[in-house]
Amino acid sequence: MAKTYNAGVKEYRETYWMPEYEPKDSDFLACFKVVPQPGVPREEIAAAVAAESSTGTWTTVWTDLLTDLDYYKGRAYRIEDVPGDDSAFYAFIAYPIDLFEEGSIVSVMTSLVGNVFGFKALRSIRLEDIRFPLAYVMTCGGPPHGIQVERDKMDKYGRPMLGCTIKPKLGLSAKNYGRAVYECLRGGLDFTKDDENVTSQPFMRWRDRFLFCQDAIEKAQDETGERTGHYLNATAGTPEEMYERAEFAKEIGSPIVMHDFLTGGLTANTGLANYCRKNGLLLHIHRAMHGVIDRNPLHGIHFRVLSKVLRLSGGDHLHSGTVVGKLEGDRGSDLGWIDIMRDSFIAEDRSRGIMFDQDFGEMPGVIPVASGGIHVWHMPALVAIFGDDSVLQFGGGTIGHPWGNAVGAAVNLVALEACVQARNEGQEIEKNGKEILTNDGKHSPELKIAMETWKEIKFEFDTVDKLDLSHK
């Protein structure tokens, strides 16, 4: 006897609200912060999110009879209050692993943050966290090389690495750009960097920039004996152009290239990560456009999710905020996504906004890059917050030194070494940072003038995207 079905519309919660469900190790788990339209029950909205991000649609369809809907559907299994906000709640949803293409972060994000984010029954929705099951993690390529391989490749141990974004970011000729790179590397930096919007403009075509930067690297290395690099931005208008730039960087001997992973796209990023893995190039990732996606505390995608996504898609470095600089960043949240980038296993920790355990297995970690409005006075806090496996990247805080780029670079290295030594001696470097730098400044007029130049520069604005009250 043929099966029949009841045509029409029924409430989502009849099918997708399952508070008795116990998530499996193989499930994807997602936590959404949801603000429903007035009068819509929480259970109905949570179920609607589960449906619209998995198997459901607005009406019953006869083709449901052709599959095992109970197996493939997403399940809203828990609801929690958001303390301090009566209008919002957390919806926890489990998805079977078979809903997603292996190794495709694009597949995951298309489902979880696709049409459901435009659903009329929602005033706003934000993806706060995802638990990627280990079985899925193992299908992803991840970072091309990882932290230890980079340490060995660059021969840098026992301290954070130092970088600098060349300024002004736009307008320099390739020759003058290369000159700035040389001065910074000669002064003691480990890396210099293209800014996110440096690609191939009329005033500086990419091939010219690559050549002048590589000349600067080789000249500085000959003088100092130190291995250094410049993040050559391979981001381009098409994947074909991106690969051409990466290939040229490899041919001229560059150790590292760069990609804007959000504006460039996840497909392009994963492809470039695979290329870098096969060809021995490190991959630096800029997060341009993240503020559009993650800064609104009620709508979008939290940066901790973007950090997981990038680690799985592939990158050896990722800009991660600074806490102390000019860019948005809550300390607890920052510490949470720094752990997500580097550690093999991250336990649920609501004090850092981490909603699920996350196991990355043997996947290498990503080096967090502190960049944006930082200068020498921030060095003690940066070393304390980020630790050794990081890049501390001073753009204006290097090139803005009154005595020039090379001196600015040398000053940052002096300050870094002073802070690392003090930390290794057991000092509380955040608490004693001013004293540590002032004492070193007595023996370094270059450091002293830098401290004088930036002593009044602070970025003390309230954080827009704070951890929810219950997490503190």
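Including glycine, each Cβ sits where the backbone N, Cα and C put it.
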Swiss-Prot substrate site partner of Asn115, Thr165, Lys169, His319, Ser371, selected from Arg78, Arg205, Arg287: Arg287
Between Lys167 (active site, proton acceptor) and His319 (substrate binding site): CA-CA distance (Å): 17
Residue, out of the binding-site residues Lys193, Arg287, His319, whose Cβ gathers the largest set of other Cβ atoms within 10 Å: Lys193
Active-site residues listed as Lys167, His286, least Cβ neighbours within 10 Å: Lys167
Fewest other C-beta atoms within 10 angstroms, as judged across Asn115, Thr165, Ser371, which are the binding-site residues: Asn115
Neighbouring C-beta atoms (10 Å sphere around the C-beta of Lys169 (substrate binding site)): 14
For Asp195 (Mg(2+) binding site): intrachain residues, at least 6 apart, with Cβ closer than 8 Å: Thr165, Ile166, Lys167, Lys169, Leu170, Asn233, Gly395
For Asn115 (substrate binding site), the three-state class that DSSP assigns: helix
